[in-house]
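Engineer: Sharing the record's features from TrEMBL:
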type	residues	note
ACT_SITE	Y164	active site
ACT_SITE	D203	active site, proton donor/acceptor
COMPBIAS	41-51	compositional bias 'Basic and acidic residues'
DOMAIN	59-301	domain 'Endonuclease/exonuclease/phosphatase'
REGION	1-51	region 'Disordered'
SITE	N205	site 'Transition state stabilizer'
SITE	D275	site 'Important for catalytic activity'
SITE	H301	site 'Interaction with DNA substrate'
Amino acid sequence: MKRGKKAEEAAAEGENDTASAPSKKAKAAKEPEAPILYDDPPDKMTSKDGRNANMKITSWNVDGLRAWVKKKGLDWVREEDPDILCLQETKCAEKALPAEITSMPEYPHKYWAASGDKEGYSGVAMLCKTEPIKVTYGIGKEEHDKEGRVITAEFPSFYLVTAYVPNASRGLVRLDYRKTWDVDFRAYLSELDMQKPLVLCGDLNVAHQEIDLKNPKGNKKNAGFTPEEREGFSQLLAAGFVDSFRELYPKQTNAYTFWTYMMNARSKNVGWRLDYFVLSSSLLPGLCDSKIRNKAMGSDHCPITLHIAVRLALRKLLSHSLQAYGRTPVW
């Protein structure tokens, strides 16, 4: 998420310069309060209905893929070892992708989308260990798709959509466009959901509730926390989708995924939760955990990870059944 300087400063709560002429009765300087940090708890690997997690998806706004690779972002990815890695704000045309990522043997199936109008702007990627049935780009509307913001992969029992949602921008100059995007994107997701359930992940560029950012009062007129953007997300949830983190941690405070580079915001944990795993409600029984990996460095966002139990493909189920009776399946 990118903001103008005023918005960045507003996000850093209580950081005004308090230097002034000394008072007549000088008081001892008050010790600054220690920041309240979010401690990502141990991963839960079992769903409410008792199934073990069999799919791990990681999403990360890397704020420039080439710089992120130089900052050793791939070392963290290899340690996390997700089945699918989704990246946003790659800012990199396919021809300029670093060899370190294009040659990764861990992910033989790689998909890239970049802005057709502006080089070094927007862009998303999806890296998979298992080949999807089908991969599509965009949401079927040229006004949105030219910015390279969405990749959709179809798997046997679900769709995975990764998105970098447009920012309303400094001065809210793109707020009207963002409102149009929200309507069109919701319609796209609802249409997919009628075919099979979906997982949406990425930088959705909205802090939904006051609990989702450090300084709600100072940001109500800033991109990412306007009533219009928040209402757009509320309408998405009302359409049959679930914010996986809030489903599991409804009252968790100080859990953020973005911090401006200014004013030591990250060390003070003055942040926003802008990155999400949103699920079709029918996938909720298989939800195991939704993680915020806030100790991972390399961007102004941190990665998030989803653990979920998804139903096996019908063919795989039949194969297992046949093998249990000593028969070899022939397809």
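Cβ atoms are placed via backbone N, Cα and C, with glycine included.
Note that this is a predicted model, so its numbers are computed, not measured.
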Engineer: Which residues, given as numbers and ranges, are at least 6 beyond the ends of the compositional bias 'Basic and acidic residues' (41-51) yet have a Cβ under 8 Å from it?
Structural biologist: 248, 284-289, 291, 307-309
Engineer: Cα within 10 Å of H301 (site 'Interaction with DNA substrate') is the criterion; apply it to the recorded positions Y164, D203, N205 and give the hits in sequence order.
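Structural biologist: Neighbours among recorded positions, in sequence order: D203.
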Engineer: Quick check for the class: what is the C-alpha distance, in angstrom and rounded, between Y164 (active site) and N205 (site 'Transition state stabilizer')?
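Structural biologist: Roughly 8 Å, rounded to the nearest whole number.
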Engineer: What's the CA-CA gap between N205 (site 'Transition state stabilizer') and D275 (site 'Important for catalytic activity') in angstrom, rounded?
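Structural biologist: That separation, Cα to Cα, works out to 7 Å.
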Engineer: Roughly how many angstrom lie between the C-alpha atoms of D203 (active site, proton donor/acceptor) and D275 (site 'Important for catalytic activity')?
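Structural biologist: Between the Cα atoms of D203 (active site, proton donor/acceptor) and D275 (site 'Important for catalytic activity'), the distance comes to 4 Å.
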Engineer: Please work out the helix, strand and coil residue numbers for the compositional bias 'Basic and acidic residues' (41-51) from the DSSP assignment.
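Structural biologist: Grouping H, G, I as helix and E, B as strand yields 0 helix, 1 strand, 10 coil.
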Engineer: If you count the C-beta atoms lying within 10 Å of each candidate's C-beta, which of the recorded positions D203, D275 ends up with the smallest number?
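Structural biologist: Minimum Cβ neighbour count within 10 Å, taken over the recorded positions D203, D275, occurs at D275.
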Engineer: Given the model, what does the mean pLDDT over the domain 'Endonuclease/exonuclease/phosphatase' (59-301) come out as?
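Structural biologist: Taking every residue in the domain 'Endonuclease/exonuclease/phosphatase' (59-301) and averaging pLDDT yields 97.
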